[in-house]
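Participant: Right, I'll just put the structure down here and ask away after.
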Amino acid sequence: MPDWSLSLAVLILGLIGLVLGSAGVQGAIGASGCRFSPWQALVAMLPAMAVTLQAIGSDASTLGLGAIIGVHVLGVLLAIRRFSSRLRAWSLIGAAIGVWGLGFDGRLGRVDGGVLVLLCLLYLAWMTRAARQSASPRDDGKTQAAAVDAGQPTRLVRSRWRIWVVISRFCLGLILLAVGARVLAMGALDLALVLDLDDWTLGLMLVAPVGVLAGWAPILLARPRPDEGASRLIAPGFAVDFNLVNLLGLVGLTALTAPGGLPFTRETLLVSWLLVILTSILAAAALIRAEPA
């Protein structure tokens, strides 16, 4: 049996755990009524985030950087065919240039990482508030009527049972995500040793596609509800939010947890991250052009 076959089997097991965990967490979020919130982008980023942070724990910072760049490129490709607001498009460019500027001293430290994570949370909170304000006022009457009907004892028992089911599903999904990420990171690092691959290439060509697949598959394969079309499974701007969580949240967490920070070499600044900026500009231009009048 070839040496790489065992590593590949471990990778497949890790991928299965990631997909199941992501499906569990996203299902719990959808059941709680937050299905189309911008925070759904953060949930979709959890598989890539978990694998990257596990790799950082194994002292493979360059693998994490390659995964970040790969996730961004794949996320941009997923965002091209969709539309979004100008604010999201310009925020995407600003995030890419901002990280590039912070990395000019050769490394993103913990202070830089903390700032990026804070910006990510502020952005998600801002977009959540904007999404709620733009919601249809007609939903208020339905919500109030549902609240009156829920006053019956039977409905209260069912509601409490549903809450516990959602919480249990969410916790189980997080456990599967953590275990799957650990197994996949071990398999990826072992495969790099067997095939004599550098960590950056492994993160770009393997960890990034696996993370994006595990995060997006439950959404793309989910069945729409009876009262909504298939196009509602992915909210407008979701793909851009996904990329922004990657550039702000994942980069920030990696800089916070990596020993000595996240290294930005000269090649990264002048080649790899310039590709990130260029793809962000092209994606923003396509998104603005596709924005409905």
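Note that the numbers count up from 1, one per residue, in the order the chain is shown.
Each Cβ is built from the backbone N, Cα and C atoms, and glycine gets one as well.
Unlike curated records, TrEMBL annotations are generated automatically.
Per TrEMBL, the feature transmembrane segment maps to 6-25, 62-80, 87-104, 110-128, 163-188, 200-221, 233-258, 270-288.
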Participant: At a Cβ cut-off of 8 Å, and with pairs 6 or more apart in sequence only, do we get at least 3 pairs between the transmembrane segment (163-188) and the transmembrane segment (200-221), yes or no?
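Facilitator: Output yes: the transmembrane segment (163-188) sits against the transmembrane segment (200-221).
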Participant: Suppose I define contact as three or more CB-CB distances under 8 A, residues 6 or more apart in sequence; do the transmembrane segment (200-221) and the transmembrane segment (270-288) meet it?
Facilitator: no
Participant: Select the range from 6-25, 62-80, 87-104, 110-128, 233-258 that forms the most Cβ-Cβ pairs under 8 Å with the transmembrane segment (270-288).
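Facilitator: When the Cβ pairs under 8 Å are tallied, 87-104 comes out ahead.
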Participant: Using a cut-off of under 8 Å between C-beta atoms, tell me which stretch among 6-25, 62-80, 110-128, 233-258 contacts the transmembrane segment (87-104) the most.
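Facilitator: If we count Cβ pairs closer than 8 Å to the transmembrane segment (87-104), 233-258 scores highest.
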Participant: Do any residues, 6 or more residues outside the transmembrane segment (110-128), come within under 8 Å Cβ-to-Cβ of it, and if so which ones?
Facilitator: 37-39, 41-42, 88, 91, 95, 98-99, 102, 237, 241, 244-245, 248-249, 251-256, 261-262
